């Protein structure tokens, strides 16, 4: 350490200290300078990024099936409450709930001792009446042979009247016998229709009465099944106007499909059973009844379902919903690639079909619609189009490739960036959505 001599100026800095401070300042400045020198063109991000690669599909004009999705409720094709027609004690429950039965199959048996006795008594009465008729008939024949000699005309008329009375008694007793036999037959309660019975509401030993209010069980026929649907009369008028204007070409017949509560499509076509004949004065709607085959009994009465009614075809372009987004003003927009530039277009739609919008304005056949790489895409940005396709699961794949297309703007885990625009961008093209409708 240098010594400070007496008389030296302690407030001044020697030359050696100035050199030392200059060296320290130079060392501290070196890393910053080197970093700047090692980064050509300035700091990171200063260099402009190149055109973004985007996946595109070519739009095609086609005749899109125009359909309505109508709410409906399933109604049994046939339904019968089973009640006793005679009184008595339940002797047997002869069916299993949920197992199909045919019309005429035995469901319940009532003790018939009383009715069997009544039948026997009625048969005896009939036999006596027949004997009386035979006796009266013989008397009339004998009197006729003796008329004018031993028998007067008055005697013959009396005999004929007795014969008529005997015949009337026979007819009455035969009717009583038929009634007794009917009561005995009705002690066996049989299914009035083909169908599936519910749980029995009575058990063996219970007393039931003729025509009681409580049903013993209910038999329901589920195949086929009715579906009652409702539609606004105003929309029906608009559809008629479109047909008259030629923008909707009606088909030869209505195509009707049933959509289950799970969204699954029910097999088979529906048949219009009851067309709309009046408009409800309270709701302004019209009611239809449609019949569907239901061999596996999957559709049950009371279920709320949807019926897709295809009315005809309408010209349009299908734009996948995943490629669209909503602007702040609510308009539907999408991006198309033209000459290496992305243009944002506003779409006019008439409804949806499957998982796409039915577009009539804003897009043209042959346009390259951008369906992949939409994150942070802006109108007028330069892009490099890459042909892709959308499979049934809604996954974007490169054309002629089995691997999903890699979105350049996904996270490291492969999940789409949360910055992706469009409220329907993640919708699967394979899932069913509402058919083309207004």
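Just so you know, glycine gets a Cβ as well, placed from its N, Cα and C.
Whatever TrEMBL says is automated annotation, not expert-curated.
Since the structure is predicted, the reported quantities are computational estimates derived from the model, not experimental observations.
The feature coiled coil is assigned by TrEMBL to 156-183. Among the features that TrEMBL reports, compositional bias 'Polar residues' is placed at 417-431. According to TrEMBL, the domain 'Multidrug resistance protein MdtA-like barrel-sandwich hybrid' annotation covers 79-216. Positions annotated as domain 'Multidrug resistance protein MdtA-like alpha-helical hairpin' by TrEMBL: 120-183. The domain 'Multidrug resistance protein MdtA-like beta-barrel' feature in TrEMBL is assigned to 224-312. Residues or ranges marked as domain 'Multidrug resistance protein MdtA-like C-terminal permuted SH3' by TrEMBL: 317-375. Per TrEMBL, region 'Disordered' is recorded for 389-438. Among the features that TrEMBL reports, signal peptide is placed at 1-37.
Long-range Cβ contacts of the coiled coil (156-183) within its own chain (Cβ-Cβ under 8 Å, at least 6 residues beyond either end) map to 86, 115, 118-119, 121-123, 125-126, 128-130, 132-133, 135-137, 139-140, 143-144, 147. Across the domain 'Multidrug resistance protein MdtA-like barrel-sandwich hybrid' (79-216), the prediction's mean pLDDT works out to 92.
In the domain 'Multidrug resistance protein MdtA-like beta-barrel' (224-312), helix, strand and coil residues by DSSP number 13 helix, 42 strand, 34 coil. DSSP assignment over the domain 'Multidrug resistance protein MdtA-like C-terminal permuted SH3' (317-375) gives 3 helix, 38 strand, 18 coil.
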